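S.K.: Mind having a look at this structure? Questions to follow.
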Amino acid sequence: MSLAHTTVLLWAWGSLQAFEIVEKESVFQRTPCPAFLVFDNAAYLADMSFELPCHCKPEDVSAVVWYYQKHLGSKRTTVLTDFDGRLLTEAAHVRVGSSMLVRFSIRMFSLLVFRAQPEDTGLYFCGTREGDYFYAYDVDIQSNKEIVASFKDMAQEPLPDEYYGALHVFTTFWEWTPCDRCGVRGEQWRFGLCYLQYPDLSPRYIKTRSAVVSCGSGAVPWKLHLQTKYHTPELQFQSCLVSCQKRNKTRKGVLAIYSYVSKLGSRPWVPQVPIQFHQQRLGHGLIISCPGARPEHAVAWDKDNQPLYRAQYLKGVNRSMRVFIDHGNHLHIRFTQLSDRGIYYCWLQGLKIAGFRLGVITRGRYPASLSDPETRTAIELTLMGYLLITIFFITIHLCRCCCQSRCCPNFSAQTLL
């Protein structure tokens, strides 16, 4: 290719890049801000992370400030920014239950909230440090504590729609997740959130459909909350089977080294995924998390070669379960037993990514801590036992006093003493 052709191609490539940059910078110019501030309704499940883009802003504004209000017209407004519009927070460093002030991040004018909680429900405003608002969201974070699970393979149906006159309460499902395993039978699921349809909703809230908003939206009148509080979020599961993609095998040189070290020419056991070792004291609880997994991901667990399907191990399927998977994809083992020893494998989005080798010891010091759920349970049961004994003791003495006052109405206080 000649020098002239090369020059023309480079010039064309540079022009395309310049055009791309101009297009990205002109997004806010092509999106006019509403003359009357309205709220864009959005609903999420608890423990999920979500992003709120600032869809419009004046051209001369170089940094945005995000504000939060619990209710419209509230006198308390929380500022979610460092006033430079560039606050960054890593999702991996966010702990469950921490304050929203340490669970948000601002990237390219968008607000990111990690591990959202029902307390984060409210109104979010995109504006300037002077308090001028450009765009607003009505965010509804629905709790996952009373979530209802159904399994299509067992012919279980989701919750039926509810009608209260002009009010229509129903569930809107998200897309199915990918199959959580490959090469063997797996499971996929989707979650549904509570929505309602009502003709007399506030016009300041943008609806997904005509007169339809999430059940926790600020557009819902207070008198309707009693009808919607029992329509909880849902989880629906079904079986799936997909083939595994080809993955890079262990290099021959590494296998040759293993063969040399074994001395007998037989290769030692080579784990397919990284394995973490942990020893747990007998009788104490343990919670295992899948690395890099979030509640909306497809996560599966195996013990050695035995799959732990949610149809048998999902939290709430059986109240007496000692080993179960919660709605955040964590594996719980309560009151560890010797039979729990083994390797627990974690699948993420259909790929086996990690293993957890669990050993159970019967001796050794184990410092008690209030952060340990088993310790808290033991303390609660002990206090409850003392409370019941105290109530029983007081009840017996009250009965004795009542009986003596009826049988011997002329007894004196000295007689009782």
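The backbone N, Cα and C atoms fix where each Cβ goes, and this holds for glycine too.
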S.K.: Quick test of reading the record: Swiss-Prot lists a disulfide for Cys346. Which of Cys290, Cys402, Cys403 is on the other end?
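M.R.: That record, Swiss-Prot, gives the partner as Cys290.
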S.K.: Swiss-Prot annotation N-linked glycosylation site: which of Asn248, Asn410 has it?
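M.R.: Among Asn248, Asn410, the residue Swiss-Prot annotates as N-linked glycosylation site is Asn248.
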S.K.: Within the domain 'Ig-like V-type' (268-362), how many residues are helix, strand or coil going by DSSP?
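M.R.: Per-class counts: 7 helix, 43 strand, 45 coil.
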S.K.: By a simple count, how many Cβ atoms lie within 10 Å of the Cβ of Cys290 (disulfide bond), its own Cβ left out?
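M.R.: The answer is 21 other Cβ atoms.
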S.K.: Round to a whole number and give the Cα-to-Cα distance in Å for the pair Asn318 (N-linked glycosylation site) and Cys346 (disulfide bond).
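M.R.: Between the alpha carbons of Asn318 (N-linked glycosylation site) and Cys346 (disulfide bond) there are 22 Å.
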S.K.: My understanding is the cutoff is Cβ-Cβ under 8 Å with a sequence separation of 6 or more in the same chain; which residues meet that for Cys346 (disulfide bond)?
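M.R.: When sequence neighbours closer than 6 are ignored, Cys346 (disulfide bond) has Ile288, Cys290, Pro291, Ala293, Val299, Ala300, Trp301, Lys352, Ile353, Ala354, Gly355, Phe356 within Cβ distance under 8 Å.
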